[in-house]
């Protein structure tokens, strides 16, 4: 504490004068007349986010020119005015003695990027005097947030878009700041490599040839990376159809047959074309004849070819089919695109003789043993049908197996009617298989006949039948009545069971079918009147 030292002297008026002195010590007591003053009015400090509590933010200092308790300073945070109440910032604490400002919690820049508040320095005088300063604490960023895509991305692109064409911009956001918020983009899934992406702008462009008919939609995956974090999002690119495909007929030539004298409007056949473009106008097809026809019309929607009038089958003077029976048409398939595309095909329509008669099998039921050791491909039985009253294709027969539990065991030759073994025979003697065989003529419309074939599994057929005589001879008068029994032939077979059963038939020489043989007994009888 400052001290003042004074000397007080007293002197009389005599000669010589006499004097004396006294020392006076004056102690000065302090008056609290100085306000604490901070080193600066504004403190700027920073602290990194996500750091544990207790981080030193700043060291504040204020001086007071007074002495003793009047010059001793203590520090505190001033309340921050909020809508609800006035409160000191809870994220910080200020040491009242040292002025050290520290964090009390972990700070998150994405919630609060900076804090501004007042600090107060007050002395211990009475009354106490105070000074204030402003503190701004900036929370620096840590890369603690991944990029986030702003939305789901999908776009339509024209299928013939040239390489380099802009498709879409992929964007993302990042709650971090500055460099931590800068994302680079790339594809993690890019089927076929048909697209490219700029790593900085996120612009997606065409990088390969696009054809909707080969690939209608591309499902890509885009990644955004900010250095520490990675986020992904799907990108759907659908190709918008262009009319770049002409209709294509299923075949270049269509051949149809029309029975003569069919009523007008008779269905002849159907032409059909497909269009590889997307369903809609580009793939919708209309059919038309290149040149109008007096005999035929074509349904523009279905492609059905119909007759306009009854047409007669014509023969040449030699009795062979006339060239007039064949009609040649050109058909055009046109799509509805803009501009439209088209293609053509040829139609041959043959007028055929009316198919008036049904084929007939020689018999409706056939029977044959099948040795259990029969090899695949062995012919066992021939079925036969005839269409004797028709001619040409109307009399051409095709054989097929249409049902029965023997399907798969036997095949039938479509032309000859021979039944052959199709797979190894089950070794169960006595097992019976039934087949339904159909004979179909080639007329328009086709007509059919059915027969049943019964096959029984037998042991190996080791022996051939042996006739009781090498030849048979008989003399009869020419006027012998029809159905007269002439003689009975006899043969024996050393096999057992079905393999030993003998059936008889006339093999050759039966001119004009004059004779008939009973298949079970071997009896020969007159079938037609004889004329010597």
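Counting begins at 1 with the first residue displayed.
Heads up, the Cβ atoms here are built off N, Cα and C, so glycines get one too.
According to TrEMBL, the domain 'Cadherin' annotation covers 4-38, 39-149, 149-249, 250-361, 362-467, 468-532.
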Which numbers of helix, strand and coil residues does DSSP report for the domain 'Cadherin' (149-249)?
-> 7 helix, 48 strand, 46 coil
Residue counts (helix, strand, coil, in that order) that DSSP gives for the domain 'Cadherin' (362-467) = 4 helix, 51 strand, 51 coil
Could you give me the DSSP helix, strand and coil counts for the domain 'Cadherin' (250-361)?
-> 3 helix, 50 strand, 59 coil
In DSSP terms, the domain 'Cadherin' (4-38) comprises 0 helix, 19 strand, 16 coil
The domain 'Cadherin' (468-532) resolves under DSSP into 7 helix, 13 strand, 45 coil
